[in-house]
Amino acid sequence: MAIYHLTAKTGSRSGGQSARAKADYIQREGKYARDMDEVLHAESGHMPEFVERPADYWDAADLYERANGRLFKEVEFALPVELTLDQQKALASEFAQHLTGAERLPYTLAIHAGGGENPHCHLMISERINDGIERPAAQWFKRYNGKTPEKGGAQKTEALKPKAWLEQTREAWADHANRALERAGHDARIDHRTLEAQGIERLPGVHLGPNVVEMEGRGIRTDRADVALNIDTANAQIIDLQEYREAIDHERNRQSEEIQRHQRVSGADRTAGPEHGDTGRRSPAGHEPDPAGQRGAGGGVAESPAPDRGGMGGAGQRVAGGSRRGEQRRAERPERVAGVALEAMANRDAGFHDAYGGAADRIVALARPDATDNRGRLDLAALGGPMKNDRTLQAIGRQLKAMGCERFDIGVRDATTGQMMNREWSAAEVLQNTPWLKRMNAQGNDVYIRPAEQERHGLVLVDDLSEFDLDDMKAEGREPALVVETSPKNYQAWVKVADAAGGELRGQIARTLASEYDADPASADSRHYGRLAGFTNRKDKHTTRAGYQPWVLLRESKGKTATAGPALVQQAGQQIEQAQRQQEKARRLASLELPERQLSRHRRTALDEYRSEMAGLVKRFGDDLSKCDFIAAQKLASRGRSAEEIGKAMAEASPALAERKPGHEADYIERTVSKVMGLPSVQLARAELARAPAPRQRGMDRGGPDFSM
């Protein structure tokens, strides 16, 4: 969304600055040319006659400007991300003309991409007024001669000096940007005023800047980004608290109206009751209604104790000499209505605190005076404590504890390329680097976890489960050590089968469980990543129309070994031994060296078969296209198709492959085919197919064994 950011700096020779170096930097020229792709647009204006290219002017400023003179004024401002590049160019040029056009001050501007999420503009302005008089470079920067301007240097503007100039510039930028957003049809707006002046109850944000964005993009954690993320989190919770407060006020008003309505209908607001003939008008005794709306009926009025926060506590007032039935009605009906309402509100209170436990404390802590230094800047050290109750940290901590490993592989999948960035961390390092992981997730990347490669463990991942599958697993002694909800009603389970089990055993158990519970077979191996709780699922198919992604939630974290764990390990060992015997048999059969052409004698192409298989599988499994790919490839491989044939068929016929696996389609195909070709059942089927005579092979081709799940 559009954000407001504008800063102004002065570059002077006395301060050690160089105008040429600054111009080279913002235009990515000279020694900065290696990063020239960062510059989306550059332009200059109001340059004097001696200038052939903008660098000449800023070179001359370094050479000829007086020792105590100011070389340039730099204005840096964030461009609205909602605008296209052409719209951003037009906006930056328009604003530059606003600041320089009246006196024709020479300027150079450059728009930087800022990693795609932080587009911004650097504007360098010279204080020398271009009055149209032609002067050489050496004369241009001399002292101005008011009597004979052509003999002196260019006059300096006074407009950039007053302190009011910065406030005027900040306001002008907000006006220009908002007009551009309005012209482009966007509802977003920016405001140059302080949050207090706007009447907004939230913490001021921190501008990251291009260097921080670049470092974070390369996987380098920065304190400034951590602070910005903490503030964003706190502000989101402030908004939640404000909405909750408004909801409570609304509920109280509604319940108050409900109570009054009950009183009017039942007559409980009448002190004498209906048998005394009270019609709601002035009583015969002439008593006026009391402030609480109760009426006297003769005799004195005794105040009952004030109600506590938990309920009404009574009928409000007791009237001496009133009807016993009326008094009983007053004592019961309004109290019952109010009691139910307030009990419901109390339950909502409890639910809110469960969801936002510690949020208010953190917000107050973030806003406290000692969170800033004596210059009003945020103190990084002071912000560590307030986030100790962060719910993402809590979820991560519980997941790490339930997994029970010493070291973990953390994977961050790049949203654009699909490549995985890996980090091997201890549990403490994972928690320490949570702010950086949040930043990566906020930029559209998914966050994953698995035990480190050298870690001795007995965890097996079962992916793509339903609630019914989880219930069946628990009933059959395969209860998970932890359960993660990756998207609404879709779960991953880590099953602990032993304190330590080899990778081959874990892989076999994963395939067994995936087959028994109709889970994702493509994820059934010993090294597959699972989701890390506390972050959002950034896959496009889970994004709502409003642009929201579901949170990855930790549903269970018992960390216990499954009851059937030892039996699963034993069964897997037997299956591995059987597979090894089958592979040995397949090798002996392969030694017969039947012609390869006998394996591939098919009347239909691999592409035809793949499309035919996918048509039935998609009807069966719906949107789970990865499972369809895996089973289709398994069937083709069992019929003798080569890995190359299967890969080509998958590349051409797999539905929406580019949208599902953007940037890593080839890697996905290679991994899927490799897993399929390594299955013992596939190897045995291929060996038997190779041994069979040609007619037998064609018969199997038409019918073929069914390896579907």
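Here, residue 1 is simply the first one shown, and the rest follow in order.
Just so you know, glycine gets a Cβ as well, placed from its N, Cα and C.
What Swiss-Prot says about this one:
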- 1-21: region 'Disordered' (REGION)
- 2-186: region 'DNA relaxase' (REGION)
- Tyr25: active site, O-(5'-phospho-DNA)-tyrosine intermediate (ACT_SITE)
- Arg70: site 'Involved in DNA binding' (SITE)
- His112, His120, His122: divalent metal cation binding site (BINDING)
- 251-261: compositional bias 'Basic and acidic residues' (COMPBIAS)
- 251-337: region 'Disordered' (REGION)
- 272-290: compositional bias 'Basic and acidic residues' (COMPBIAS)
- 315-709: region 'DNA primase' (REGION)
- 324-336: compositional bias 'Basic and acidic residues' (COMPBIAS)
- 567-594: coiled coil (COILED)
- 689-709: region 'Disordered' (REGION)
- 698-709: compositional bias 'Basic and acidic residues' (COMPBIAS)
Count the Cβ atoms, other than its own, that fall within 10 Å of the Cβ of His120 (divalent metal cation binding site), considering every protein chain shown.
21
Count the Cβ atoms, other than its own, that fall within 10 Å of the Cβ of Arg70 (site 'Involved in DNA binding'), considering every protein chain shown.
22
What is the number of residues in the compositional bias 'Basic and acidic residues' (251-261) that are helix, strand and coil, as DSSP sees it?
11 helix, 0 strand, 0 coil
Provide the three-state DSSP residue tally for the region 'Disordered' (1-21): helix first, then strand, then coil.
3 helix, 7 strand, 11 coil
Between His112 (divalent metal cation binding site) and Tyr25 (active site, O-(5'-phospho-DNA)-tyrosine intermediate), how many Å separate their Cα atoms?
11
Going by C-alpha positions, which of the recorded positions (Arg70, His120, His122) is nearest Tyr25 (active site, O-(5'-phospho-DNA)-tyrosine intermediate)?
His122
In sequence order, what residues of the same chain, 6+ apart, have a Cβ less than 8 Å from the Cβ of His122 (divalent metal cation binding site)?
Ile26, Glu74, Val75, Glu76, Leu109, Ala110, His112
Would you please pick out, from the recorded positions Tyr25, His112, the one with the fewest other Cβ atoms within 10 Å of its Cβ?
Tyr25
Using Cα coordinates, what distance in whole Å links His120 (divalent metal cation binding site) and Arg70 (site 'Involved in DNA binding')?
24
